[in-house]
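Written below as structure tokens is the structure these notes are about.
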């Protein structure tokens, strides 16, 4: 009979068994307790070694902590391997001692598990144990923890197997974190028995990146995993639950294994395998449909701050079905942006140009009992104010709260000043009144302030949604604003010359 096996040293999927060390950093002479665990099916035999990461020779020595375990020598090194056979075990522990000195490097524990004569697993490894010259036994590598040290090298995350082996979400769409430092990326790969999900996250951030699973496109009642920097710039993996617009509740890490994380050249990367159920207000099962969320932002001494930006999958996703998910903006957000562009880059601009420079062109022409330029100015500016009010209502009804950042502040200022402008015009004094010049100056200055604030709000809004590698949307907007500024400059020059 030919034995059947899987080699997990070359796969991302977790085995039915775990190798867990009680430390994630060590120094010479440290003793580390290594635990072998089964999720449900006992193993009948195992072999355990400690190796340098990327190496093949065993390092250190083991001591027997279980009467059914035995110590072996390997490659002339005594006590370098521990093993057992012909027993049913769901948990067994061994004690590994680091060499007292020498050229010590990062290590990992590798195990072979035997379930039956023809079914066994090779190369099941623990998370990396960092040689840092210090021990930190308070950090657990397996359960109920929120902190992990950062490996010295970047975690290898790429678009490989997206759509065929795992679910992927990225911004910009289709970007590859392996080659694009500006790529925000997350993936989920479900094991064959649907009990384990291997997650990956990567993206540039000065504080944290996070992914969430939700029953809608809004934040609240969401299951979240966070990869963030602590006060020493080490990457922490945290499990959290979102309750809305407030800081999420940090939960025990739970049944998480195979954690790898890094912070290199401003990019945070992490990967891990989870057996935790995804919990929202609707369900707590792996096979449910969820909207995928990705957010990033600053942190302060390990505490995450309000996210700088976020994107959400356009539809609900079954994590057990590999696919590539797009992140198109909701129609209501597109409508908000379109109305603000129309209001302050089209109708508002035309209304201001007419009032300032085209009075003489329509002199003597009357419409609705008023000069034509005045009627056109009032009509266009009324459209601008109406579009601003509609856009304001749409976005607040969608977000249902304060999104943070400069964009909503600028938008609110535009809304307030745009609302004041027509009210002040209704109660203005007559053209021949001695104080009329005060209204003229206030009306003009308020219009200029609205214009500048509106342009700034548009730029900040576009910066939130523009995730293209070359930021072409912002460049197009910059060209539009530059052309409009040139038009105003030429019109003002012509106006001054014509007056002389």
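Note that Cβ sites are derived from N, Cα and C of the backbone, with glycine treated the same way.
Note that the structure is a prediction, hence the values are computed from the model and not measured.
Some features that TrEMBL has for this protein:
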| type | residues | note |
| --- | --- | --- |
| DOMAIN | 1-149 | domain 'Reelin' |
| DOMAIN | 182-297 | domain 'DOMON' |
| DOMAIN | 292-497 | domain 'Cytochrome b561' |
| TRANSMEM | 338-358 | transmembrane segment |
| TRANSMEM | 378-399 | transmembrane segment |
| TRANSMEM | 405-427 | transmembrane segment |
| TRANSMEM | 439-465 | transmembrane segment |
| TRANSMEM | 471-490 | transmembrane segment |
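Beyond the ends of the transmembrane segment (338-358), by six or more residues, the same chain brings 373-374, 376-377, 379-381, 383-385, 387-388, 390-391, 394, 411, 414, 447, 450-451, 454-455, 457-458, 461, 480-481, 484, 487-488, 491-492, 494-495 to within a C-beta distance below 8 angstroms of the stretch. Same-chain neighbours of the transmembrane segment (405-427): 306, 308, 340, 344, 381-382, 384-385, 388-389, 392, 395, 439, 442-443, 446-447, 449-450, 453-454, 456-457, 460-461, 464, counting only residues six or more beyond its ends whose CB sits under 8 Å from a CB of the stretch.
Among residues of the same chain six or more beyond the transmembrane segment (439-465), those with a C-beta under 8 A of the stretch's C-beta atoms are 309, 329, 333, 337, 340-341, 343-345, 348-349, 352, 405-407, 410-411, 413-414, 417-418, 420-421, 424-425, 428-429, 471, 473-474, 477, 481.
Each residue in the domain 'DOMON' (182-297) gets a DSSP state, and the totals come to 0 helix, 68 strand, 48 coil.
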